[in-house]
């Protein structure tokens, strides 16, 4: 079919280009990527194992941490193996269905919603401690987890539908090492205004709204903390939020810089944009279990126990 001198086609496969402009360095870049992936798998798997097998950790805070670890694993397993295949073997070919699947799990926004749920957990623990276990029962936590998944799916499915409706007539080469929604849409010969604006609206309503509610939660938490009678009580209350604040910063900082870089892509080299986008996929899932393992005494104690048990068994 010919329209406006374009031949439209339904893409069967895409070609992931890795990091254009740095092809000669792909093998070297893959080394830290691989190390971060290994740390992510080990750290989050260990965190899940400890929380699920240790009865004393079946409390709201740790159940939310286990949700975060599961989301981190899902994000990493979806994106990083294909990145490494591109770097090591030049295996950039990916089917359209696999590309949409990868795009779905990268953009599904589980992490943002889980961080909001964790902020609510800290708010209840500090502002209403006597009713903490009454409010956050296992049933309520389960419903919150279901709400996280349902909301994420409801927002991302229209994005997938919009991409599948696009007509393509240009190259099937993506200037990236994983499937990104914006990159796929830009290959289309259709008007992508609706797709782009839906993506912007989703970012504002999902990640932006979550960030605002998290900020409100911590505003209320700080107000409650500064009303505590002693300095020791204030420090103890703030310490319980320290790991969560670190995780929030690690999630939103790469996301902010990636978004900022995309808006000014015309003055920033493409390889810088790619590296910034990779930070979102690599850094938070790797550092989250480290932060909780180091700053949470109960988890750190059990990590040390697991380590000694492994050493004794060798």
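Note: Cβ is positioned from N, Cα and C throughout, glycine not excepted.
Any TrEMBL annotation is an automated prediction that lacks curation.
Per TrEMBL, these features apply:
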TRANSMEM  27-50  transmembrane segment
DOMAIN    43-292  domain 'G-protein coupled receptors family 1 profile'
TRANSMEM  62-88  transmembrane segment
TRANSMEM  94-120  transmembrane segment
TRANSMEM  140-163  transmembrane segment
TRANSMEM  196-221  transmembrane segment
TRANSMEM  241-262  transmembrane segment
TRANSMEM  268-292  transmembrane segment
Stretch in 27-50, 140-163, 196-221, 268-292 most in contact with the transmembrane segment (94-120), if contact is a CB pair under 8 A: 140-163
CB contact flag for the transmembrane segment (27-50) and the transmembrane segment (196-221), at least three pairs under 8 A: no
